[in-house]
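Look at TrEMBL and you will find HIS50 tagged as active site, proton acceptor. Per TrEMBL, Ca(2+) binding site is recorded for ASP43, GLU116, GLU118, ASP150. Annotation source TrEMBL lists Mg(2+) binding site at ASP150, LYS170, THR174. Under the heading domain 'Fumarylacetoacetase-like C-terminal', TrEMBL lists 43-325.
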Amino acid sequence: MLQKLLSSNEATLRDNANLRQKSLVPMGKVEMLLPMEIGDYTDFFSSMHHAKNCGTIFRGPANAVPANWFHLPIAYHGRASSVVISGTDIVRPRGQFAPSGNSPPPFGPSQKLDFELEMAAVVGPGNELGKPIDVNEAADHIFGVMLMNDWSARDIQAWEYVPLGPFLGKSFGTTLSPWIVTLDALEPFACDSPKQDPQPLPYLAEKISKNYDISLEVQIKPAGKEDSCVVTRSNFKYLYWTLTQQLAHHTINGCNLRSGDLLGTGTISGPEPESLGCLLELTWNGQKPLSLDGFTRKFLEDGDEVTFTGFCKGNGYTVGFGTCSGKIVPSTP
């Protein structure tokens, strides 16, 4: 009924100004909330371009992508308690950094604070403990997708991540847009996923393997500036591992997912320099500062505001994902 009332070809609300005034509330007067209660949050690492770039930066081109990456959707478990709604300020995290020589590790506010352009799947129906979800039925367990910024403190992460993976370099904040777009609404924008070589194991082999043509953009408004600068234009279709493969792999050991669980895609980077999904890649770990209309950035500074947008362009219509934004505020003493 609600969809019918809001459709452009339904006159009840469209042609009644008095009813529209009573029924609709300006977004500027509304406090947006997280659209679901998140029990668990998992973040994947599903973009081949991102994996290659990060591996090259830290390990060199010869060992850029570990062998297991092409056989399974790698992920880690994030912190659901620090997932926040768009518009929430992000406090610069503090932590330890890699020491030089035999010195003890320095401690203080992160100097390499970064954004990560991601999207996230929201689990609909879950599964029972011990009963994996078939990859060809996985779409039935995904309610929809939304914009996500998995903020990252690169210097904290670099020192802590061996041997168990990300911890304090990630758990200080993850921002979501308030809007979930269902897979049904995305079906007109389905497209082929990249060819996977080698062939995935049978439990990850899909009868129909697809991604979605979702245009993504990142803007940064530097501290003290009125205008934002576009720093990235990427697309969801660049993901190597599909949403359904991610979900099926998550459950193959019998892990039970629950309604409202959040599955981040990992940073979505494309093949071109302007399609890289984080400052780590855009500045090549600070070696090539980014120009922002008279300002330069290696990583995010206090007062910088980052905004993600996403949309699918149809024939005469657009499916939007709203905005996913957050501003960096100084570390607490």
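Our numbering is plain: 1 for the first residue shown, then up by one each step along the chain.
The backbone N, Cα and C atoms fix where each Cβ goes, and this holds for glycine too.
No curator has checked TrEMBL annotations; they are predicted automatically.
Across the domain 'Fumarylacetoacetase-like C-terminal' (43-325), the model assigns an average pLDDT of 97. When the recorded positions HIS50, LYS170, THR174 are compared by Cα distance to ASP150 (Ca(2+) binding site), the shortest distance belongs to THR174. The Mg(2+) site, placed at the center of the C-beta atoms of ASP150, LYS170, THR174, has further neighbours from the same chain whose C-beta lies within 8 angstroms: ASP43, GLY78, ARG79, SER82, GLU116, MET148, ASN149, TRP151, SER152, SER171, GLY173, GLY264.
Cβ neighbour counts within 10 Å, taken over all protein chains shown, single out HIS50 as the most crowded of the recorded positions HIS50, LYS170. Around GLU116 (Ca(2+) binding site), the C-beta neighbours below 8 angstroms that are at least 6 residues distant in the chain are ASN149, ASP150, TRP151, SER152, GLY266, THR267, GLY277, CYS278. Looking at ASP43 (Ca(2+) binding site) and LYS170 (Mg(2+) binding site), their Cα atoms lie 10 Å from each other. Cβ neighbour density within 10 Å is lowest for ASP150 among the binding-site residues GLU118, ASP150. Rounded to a whole number, the distance between the Cα atoms of THR174 (Mg(2+) binding site) and GLU118 (Ca(2+) binding site) is 10 Å. Note: the Cα of the residue listed as 'active site, proton acceptor' and the Cα of LYS170 (Mg(2+) binding site) are spaced 17 Å from each other.
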